[in-house]
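Feature annotation from Swiss-Prot assigns active site, phosphocysteine intermediate to C9. The feature domain 'PTS EIIB type-2' is assigned by Swiss-Prot to 3-96, with sequence analysis given as support. Residues or ranges marked as phosphocysteine in Swiss-Prot: C9.
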Amino acid sequence: MTVRILAVCGNGQGSSMIMRMKVDQFLTQSNIDHTVNSCAVGEYKSELSGADIIIASTHIAGEITVTGNKYVVGVRNMLSPADFGPKLLEVIKAHFPQDVK
């Protein structure tokens, strides 16, 4: 199984697209089976079926609600692997250990 990440920002045009690339690079280097997509906060509900983990800035993460086996990771610096990396790995290792190579 592949862990599915959704990067969310306010408009879905800038930050989330860059965050998608940064998260993809980080997870590839960490040997995690994954896919990463991005969208605006107003679109995340329509994208939830294709996501296991939502990653967003802390102020946007507070607006996101999920149920079931889905998780929200709020980060201060969406572009810094030093900030989002440990938080994302913690959720993946706890809930999606089969995706860690």
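Placed from the backbone N, Cα and C atoms, the Cβ positions cover glycine too.
For the residue listed as 'active site, phosphocysteine intermediate', applying a Cβ distance below 8 Å and a minimum sequence separation of six or more within one chain yields S15, S16, M19, S38, A40, V41, A56, S57, I60, M78.
Averaged over the domain 'PTS EIIB type-2' (3-96), the predicted model has a pLDDT of 93. The residue listed as 'active site, phosphocysteine intermediate' carries a strand DSSP state (E or B).
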